[in-house]
């Protein structure tokens, strides 16, 4: 019997395109990957081992409640009974709980799944109910749990509905760190492999929304090759790019720093017969702002204010390349292939007959705010203030400043240290009838902490709680903890951390790593390690590379290299490769501990990583620390390798410093007239390296090569140079 969705009370209805039929369905052989698994599920689909009389009566009563949409009563009846209902009741109960979407209903749904998992009875749930739970969990922000449910379905042989798995891919692709988008692509590939293996029509086949989510993950990662591969796979599943696909393509071009291709994406969209949306124009403005081309962004916004439809002509007149160093030439070619497609080559959009938008688009507050963020980036504070005033005079209410606009103004004023003016914006917001939200207060709070005005920050927290009725959240406390670090107050940081937990606020990864930073910078690595251990035990957060790096930093600041190396090994075992920050901490620790042999081992590892794929990009701090150790230890050959790496990466070595070290420590090297011939022979290569290093420094030397790099030594058969 089909459930009537409209009759269900919900606090946050699921949109039609994400809705499922919540009535349970029998297992389909198409959904099961293994014949053995199909046989197992067929033989275990019903609770034949339970007493027939009690279980049947319980199921009938439970099913009656569910059919009457009395979901809460049904759950209470399920929770009171020691017997597990049959698959039909369990699947329907899970579906209705998931469909309600409230925090209480989702907690009950998770408890139901947990019980079945603990009792080894997860096979009683059908794919439809699990898919609806996945969507509800993803929409509630519990992306990790939604991903876990999807993985369980895939391991059980189910192919989840495309609306279920694409919702998780979409959430992961929008994650602020690289881990989320990378996980989104792994999930996308995993589902596609199973879809191809089944080889028949199935509801799991990716649609345009699924591809757009995966493309967005590629854009966020800056992975042009994977982006192009996904774009080419769309026709295989009968999927055509839509407006959102082109919006993501704009983001990809901006991420690849191909400003010259943005106009062609807009023309590609228009000539494909699609109608751009306002988000398309938002994306274009954001792209030009992000690429530091405020002039073109301003022209675009002004043209929209005038109601012009010839935006393609305006962008062509302003079109220009951008210096590019993020991706290689092959990736550039792939991106150009996607954007510069056939109808452009045949003459469409060649500038003789400029393409027109199908209608006029007018800027809204979001677009103005995006342009304002560009002004903030360039420190043009007065332009930010003037634009806010101009927005207040706009006739269209959609163009009036909102809380994001005012928060941007506060950010601009904070950037120039005008904290009093930033604080006064709260009054302007109240006068305009735009209440400040928690984000606004947090931005202002961060400004006070950055200006080392901790007393004002505490006062602001009291004000937001007392007058605005806004309680600080985990972000607020993270800002306060970081503020304590800036004034070297590790005790204060710990006090805020404990206060946060006492108020029932769950610490985030940032909370843990920020507190670790407080102890690391104050020379208390053991306390940092205790925080790290607590973070590992917290099931709500995942230890990441930042946490490992913070712990390594704490030990290296005291020169405790062996302890730091143990953490690095643990980090590798848990699947995290050291990055530049890791190696930089180790290099500084090695210099402090005066262990030049460790510097050689570290440099060899860094060289291997630089030659690997993807290559490590060493920074100045890492290479300078290694070169410093090598020069002090008279490892001149290695020092030359390191400075060569510096020059290859566009880093200017500090010759003045290295020259001073050489003169102070090594100017009398190899001057003994009484050394034996054997000893002189043994140190010949070291001397040659020293002379080459002196040549590079510009000191008097006997090394007269045309290049300072040390070439292999040439010897005759008797060993003479």
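Note that Cβ sites are derived from N, Cα and C of the backbone, with glycine treated the same way.
All annotation found in TrEMBL is predicted automatically rather than curated by experts.
Record features, source TrEMBL:
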REPEAT    207-241  repeat 'PPR'
REPEAT    242-276  repeat 'PPR'
REPEAT    364-398  repeat 'PPR'
REPEAT    402-436  repeat 'PPR'
REPEAT    437-472  repeat 'PPR'
REPEAT    473-507  repeat 'PPR'
REPEAT    508-538  repeat 'PPR'
REPEAT    544-578  repeat 'PPR'
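Proximity of distant same-chain residues to the repeat 'PPR' (207-241), defined by a Cβ-Cβ separation under 8 Å and at least 6 residues beyond the stretch ends, is recorded for 17, 162, 165-166, 169-170, 172-174, 178, 180-182, 184-185, 188, 192, 248-249, 251-252, 255-256, 272, 326-327, 330-332, 334-335, 337-338. Summarising model confidence by region, the repeat 'PPR' (402-436) averages a pLDDT of 90. Under 8 Å from some Cβ of the repeat 'PPR' (508-538) lie the Cβ atoms of residues 474, 477-478, 481-482, 484-485, 488-490, 493-494, 497, 500, 544, 546-547, 550-551, 553-555, 557-558, 560, 563, all in the same chain and six or more residues away from its ends.
Each residue in the repeat 'PPR' (544-578) gets a DSSP state, and the totals come to 25 helix, 0 strand, 10 coil.
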